[in-house]
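Features reported for this protein in Swiss-Prot:
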type	residues	note
BINDING	Thr10, Gly11, Gly12, Asn128, Arg170, Ser199, Ile250, Gln295	UDP-N-acetyl-alpha-D-glucosamine binding site
Amino acid sequence: MKVLFAGGGTGGHLYPGVAMASELKKVVPGVEISFAGTPAGIEATEVPRLGYPLHLLPVRGLKRGRSLRDLAANVGVLKDFGSSLMQAFSIIRKETPNVVVGTGGYVSAPLLLAAQLSGCKTLIQEQNAFPGVTTRMLARMASEVHLSFAESRKFFGDSKNVFVTGNPAREFPAEPRQACLDFFGLRGDLPTLLVFGGSRGARAINNALLRFCGRLEGKINLIWQTGSLDAERVTAEVSSSSTRWIGPYIQEMGKAYGAADLVLCRAGASSLAELTNLGKPSVLAPYPYAAADHQRHNARALVNAGAAIMIEDTNLADDASLETILDLLGDSERLDRMGHASRSEGYPGAAAELAGRIIALSKS
């Protein structure tokens with residue numbers, strides 16, 4: 001059995017494919033797995049590190065502006081897409097995959113299209129509440145389309161090939177809360193706020209925390225992943241203490257989640273999948289410049305479910321936002337309700353279920 005995963009650019013489009021690949025390796029002895037991506041994406045370094053073959057295509061994303069510069073750049077983008085499509089046909093002929101799985105990002109488009117035109121089975125896995133351009137364009141020709149949010153179903157009418165299976169995410173073993181707090185050197189008698197904005201960080205979130213940090217001292221525990229870009233600036237102003245753990249990156253994310261009563265973060269699909277699988281209540285600050293504003297759509301899905309509240313990026317440093325967070329941390333009953341609502345939105349078996357669908361398609 002051969003499976004080709006096409007997607008990347010960011011971890012949010014790559015790691016769902018990695019999770020499905022890991023599940024396939026568990027249940028299909030001798031399965032041959034390869035990936036396709038771009039030289040500029042995270043997959044260029046991460047996929048070889050994981051030991052999978054990688055095909056690189058020159059495809060780029062379209063500029064969304066209307067300036068002459070953007071229009072001129074898009075001429076080159078279309079040329080690169082044509083070249084990538086020809087390479088994709090060559091990859092399909094050479095690899096002869098049983099199934100091509102698209103996990104989003106512009107790199108998935110030429111591989112999915114070439115596979116569909118070659119008569120190869122295709123599965124699209126859409127992470128975001130508002131489906132991406134590739135998903136919307138190629139869904140009708142796909143063998144199956146799998147969504148992460150139930151509310152995304154409305155974009156596909158009565159299509160019989162569309163299913164809601166959740167977003168494959170990292171799995172974390174359950175650990176006692178006190179043991180997790182001890183790991184970070186924090187007090188057991190205070191509620192804990194976990195804050196992160198991705199591996200590079202989120203400047204608006206970090207700025208808000210810098211403004212409020214002194215007022216949080218002694219009221220809550222804080223686990224704060226600053227990201228690599230802001231680490232030096234933040235640690236120059238604020239240091240760790242008995243109620244604060246501050247660092248550029250959290251290696252033991254399972255322990256951070258285990259300690260957390262509330263999470264403040266962006267609204268990327270992978271983060272939300274982890275939150276809902278673990279049943280964590282959250283305060284979401286969608287990245288305002290995400291393509292098609294997809295993070296806002298993701299956040300709205302959890303807000304509508306009662307699992308989260310949303311704060312606009314521009315309002316993060318307002319006193320009202322601080323009061324909202326402190327009020328939540330002081331209301332254990334509301335946190336419990338939000339946690340139950342969050343868990344009801346999770347799909348902890350998503351990777352295994354999707355691996356099963358890939359296997360079924362390969363045999364059909």
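Backbone N, Cα and C atoms are what each Cβ position is placed from, and that goes for glycine too.
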Candidates Gly11, Gly12: member of the binding-site residues with the richest Cβ shell (10 Å): Gly12
Binding-site residues (Thr10, Gln295), the one with most neighbouring Cβ atoms at 10 Å: Gln295
Cβ packing number for Ile250 (UDP-N-acetyl-alpha-D-glucosamine binding site), 10 Å threshold: 18
Under 8 Å by Cβ from Arg170 (UDP-N-acetyl-alpha-D-glucosamine binding site), same chain, sequence gap 6 or more: Tyr15, Ala19, Met253, Ser270, Glu274
Three-state secondary structure, which DSSP defines for Ile250 (UDP-N-acetyl-alpha-D-glucosamine binding site): coil
Number of other Cβ atoms within 10 Å of the Cβ of Asn128 (UDP-N-acetyl-alpha-D-glucosamine binding site) across all protein chains: 27
